[in-house]
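K.L.:
Below: one structure in structure tokens.
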Amino acid sequence: MALERTFSIIKPDAVAKNVIGAIYNRFESAGLRIVAAKMLHLSQEQAEGFYAEHSARPFFAALVSFMTSGPVMVQVLEGEDAVRKHREIMGATNPKDAAAGTLRADYAASIDENAVHGSDASASAAREIAYFFTEAELCARTR
Ligand code: UDP
């Protein structure tokens, strides 16, 4: 399979728990490479725009409030089958349903504060990457 890119957020709860490095280690151990990364404190407008598809859902205001409650790490991961592999590493949306050893089983407290985000398909990955990064910020590995 060809190399694929996916988009990841380490959410404010996981940044507060000081597990950025532990989460990066899971990505790298699974063969995913970090090709762009930055720490941001999302504005309300940025969080609302990112989660626009959920704007009619009852949890939307709480989600935006949570996502703006502290800094996040955003990154682009590259590897074979990256979208699916990253979703597998994250585990189910609700940590109660997340398989043992997944990020959400290990670091998420609830479905509302669930530690990480990952694109659910290649098309959404492209859109989400472009929301946070310019093409020039994506660093190709040359060696
Ligand atoms: N979410 C929430 N309450 C819910 C369902 C979802 O706060 O009852 C939030 C949660 O942070 C989740 C995000 O909305 O990660 C997006 O939901 P989706 O179903 O797309 O899950 P994901 O793709 O993040 O696993």
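Cβ coordinates come from backbone N, Cα and C, glycine included.
Annotations for this protein, taken from TrEMBL, read as follows:
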- H117: active site, pros-phosphohistidine intermediate (ACT_SITE)
- K11, F59, R87, T93, R104, N114: ATP binding site (BINDING)
- 3-140: domain 'Nucleoside diphosphate kinase-like' (DOMAIN)
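Looking at the shown structure, can you explain where the listed features end up?
P.N.:
Taking a C-beta cut-off of under 8 Å and a sequence gap of six or more, H117 (active site, pros-phosphohistidine intermediate) has these contacts in its own chain: F7, S8, I9, K11.
Neighbour count (other Cβ atoms within 10 Å of the Cβ, all protein chains): 12 for F59 (ATP binding site).
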K.L.:
Among K11, F59, R87, T93, R104, N114, which the record lists as binding ATP, how far apart in Å are the two most distant Cα atoms?
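P.N.:
Max Cα-Cα spread across the ATP binders: 22 Å.
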K.L.:
Please work out the mean pLDDT for the residues of the domain 'Nucleoside diphosphate kinase-like' (3-140).
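P.N.:
Computed over the domain 'Nucleoside diphosphate kinase-like' (3-140), the mean pLDDT is 98 on the 0 to 100 scale.
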K.L.:
In the domain 'Nucleoside diphosphate kinase-like' (3-140), how many residues does DSSP put in helix, strand and coil?
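P.N.:
Helix, strand, coil within the domain 'Nucleoside diphosphate kinase-like' (3-140): 64 helix, 28 strand, 46 coil.
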K.L.:
Quick one: give me the count of other CB atoms within 10 A of the CB of R87 (ATP binding site).
P.N.:
16
K.L.:
Those binding-site residues, K11, R87, T93, R104, N114: which ones have a Cβ sitting under 6 Å from ligand 1?
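P.N.:
By the Cβ criterion, which requires under 6 Å to ligand 1, the hits are T93, N114.
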